[in-house]
Structures are given as C-alpha cells and as structure tokens.
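Engineer: Dropping a structure here in structure tokens format, bear with me for questions.
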Amino acid sequence: MEVATEKPFKCEVCQASFRLNGTLKGHMNTHTGEKPFKCEVCDARFYSRGNLNMHTRIHTGEKPYKCELCDKRFCHRGNLNTHIRIHIGEKPYKCEVCDKRFRLKAHLNVHVTSHRGEKRLKSGEKPFHCEICHKRFIHSASVNQHMRVHTGDRPFKCEVCDKRFICNGSLTMHTRTHTGEKPCTCEICGKRFIHSGSLNAHMRTHTGEKPFKCDLCNQMFKLSGQLDRHMRVHTGENLFKCGLCNKRLSRSETLNEHMKIHTGEKLFKCEVCLKMFRHTGSLNMHMRIHTGEKPYKCAMCDKSFSRSASRNDHMKIHTGEKPFNCEVCDKRFSCSGNRNKHMRVHT
C-alpha cells in the first residue's frame, strides 16, 4: 500500500509542514501558548488532543504497541519504532564532529553537548564570575541569578505550597511535582521526566557517556554540575551554612534537604505504604521497592540495580578502582561507605 508523504499544510510562523489541517491547528497552539486540552485526572494541559491522549496512558497504564521480536510493549508508536532499532542495529543519527552514530536523535543531542563542553573548557569561555565564591559563568545573567544563592533571595513563590525559588524556571519545574506533569519521555525505556535536563542526564545511563572529567583524579561525570560538586571534595569547600546548627554544606540543594531535618517537613507520600519523604527523589527510589524496577544495568555483567550509585559502586569491581583511602593506614576502598566502616577500626 502506498503511503501519502505530501504535507500541504504549512505553518506561517516557522514553516513546518503537515499532512493534516488538524495537526497544523494543534501545532499553532505551540506558538500561541494555548493549551485547550485538559487531563481530567491531574489537570495537566496540552496543545493537542493527540498529546492529551498519549498523556492519558500514564494514568491508564495502556501500552498498545508491542514489539514482535521481544514482546516489550510501549505507550507510543514512536517509542516502538525507536526500540526496533535495537534489534536491527540501525543508527541513523550521525555526529558531524566525530562521525559517531546513534539510534536516537536525543542520544546525538546529548553527545553533541560533550563537544561543546570540550570547546568551552579549551577556550576558557566563561568570562563572568561570582565575587563571593568565584564560580564562573558563560552569561552575565547567570551570575545575577547565581548571586541569589548567597543572598538568600527567592522571589518566585509556589501558589500551592508557598515554597520559594531563585528563578522562575525552577518554580515552573517545581509546579509539575503538584500537577504530576512529566512532558519529557525517554524513547528507550519510557521513563518520564519533569524537564529536558533530567531527560538528557538520564539518557547517559543508556549511552554510558561521561564527558566531564576531573583533572585531579580523572573521575568522569555525566553532568558538568556533578563535576563542579565533585571538585569540592578536593578543595574542601563548603559554601552553604545551616542557620540552626551551623553545619556547612557544599551544595544549596543539600542545605535545603538538611533543613528538613530541623523542620521535620515530609511533603511526598508513597501511595502504596503511605511512608512520607522529604523530597521526590527519595520517594522515586523508594517506589522501586514496590515495583521491583532496576533501571541501572552494569555494561559488563548485565547485573541491574535500583540506584545509579549502587551500579557505579558495583562497576568498581570490574575496573578495580578504589578512590577512597583511609587517612590513618592508607588502605583503599571502592566506595566511601566501606571506608567509613573501616575507620571504626581505628577509633
């Protein structure tokens, strides 16, 4: 059967073309910002009825598209088509810099950022810096936003729980914890994310790519932010102080989580066993106890883990890496937990 490929309906704003007039109308909402289609379960809103229908499958658990080779099922036909490439070995997306090929455009996009990161590191292209902690930035606006970390200024407030944020983008992402909206989907495993940055980081769990390297110990990281935080291990820098117990912490996020120890605040509840958690990340990890999900797989022995940290510790069995040493007797360990247990021998 011949499939029509003509796309006669064209968007006057961005010149994108579509086969159906209805698809064009839905697309126009992306330019106007109008989201007329609302989910009756969680009130999330969408540009088109098709997007709403796909979103509804999150609530119903419907996975109508099945792989004929391995019987794995998917919510969306596009995810199935992408999955099929695993079986046939097709990699249609090529990096123009190094010619490496990928099954997914998302994989390529993540990979390309590693070249940008290399270029910025080589050129030293971060002309703006914070006068307090000397962290460097590409844009002056990023410095202004970063300064709120030190001043404590949080001008953006959530209307649901009154939590305050440094920037509007953080508020927007936080709001999705209340609405349940997760618009960014991994095309390999179907996992959904609140924002594209989390999806891009997650994609590296599939590709194994770690483009950011510590120049002191050669440890590799998936994200530049992880490298920045890791560097404080070497510098001993702890910029953020708790106003109640004076404990100093290396990250503002860690300080926020630490503060919940004093307030006892636990906003996130497991719907299965009703256990409460201080943040969504802890709830998500806890849920794997109930689902049995182990999304982090060892590339060398196929053993799977529920947490990426557990997978990373396990990988050191294969690599022989022992980055943590005892300060008393210099014995080395593959993970900090084992080193800390060992330290009790000396105390």
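The backbone N, Cα and C atoms fix where each Cβ goes, and this holds for glycine too.
Not my notes, these are from TrEMBL:
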type: DOMAIN; residues: 9-36; note: domain 'C2H2-type'
type: DOMAIN; residues: 37-64; note: domain 'C2H2-type'
type: DOMAIN; residues: 65-92; note: domain 'C2H2-type'
type: DOMAIN; residues: 93-120; note: domain 'C2H2-type'
type: DOMAIN; residues: 128-155; note: domain 'C2H2-type'
type: DOMAIN; residues: 156-183; note: domain 'C2H2-type'
type: DOMAIN; residues: 184-211; note: domain 'C2H2-type'
type: DOMAIN; residues: 212-239; note: domain 'C2H2-type'
type: DOMAIN; residues: 240-267; note: domain 'C2H2-type'
type: DOMAIN; residues: 268-295; note: domain 'C2H2-type'
type: DOMAIN; residues: 296-323; note: domain 'C2H2-type'
type: DOMAIN; residues: 324-347; note: domain 'C2H2-type'
Engineer: Give the nonlocal contacts of the domain 'C2H2-type' (184-211) in its own chain as ranges (CB under 8 Å, at least six residues past its ends).
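Structural biologist: Apart from its flanks, the domain 'C2H2-type' (184-211) reaches 58, 74-76, 78-79, 82-83, 102, 104, 106-107, 109-111, 113-114, 117-118, 173, 176-177, 220-223, 295-296, 299, 308.
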Engineer: Among the recorded stretches 9-36, 37-64, 65-92, which has the greatest number of Cβ pairs closer than 8 Å to the domain 'C2H2-type' (156-183)?
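Structural biologist: Between the stretches 9-36, 37-64, 65-92, 37-64 has the largest tally.
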Engineer: For the domain 'C2H2-type' (37-64), give the DSSP counts of helix residues, strand residues and coil residues.
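Structural biologist: For the domain 'C2H2-type' (37-64), the helix, strand and coil counts are 12 helix, 4 strand, 12 coil.
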Engineer: Would you mind splitting the domain 'C2H2-type' (268-295) into helix, strand and coil residue counts from DSSP?
Structural biologist: 12 helix, 4 strand, 12 coil
Engineer: Can you tell me how the residues of the domain 'C2H2-type' (128-155) break down into helix, strand and coil by DSSP?
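Structural biologist: When I sort the residues of the domain 'C2H2-type' (128-155) into the three classes, I find 12 helix, 4 strand, 12 coil.
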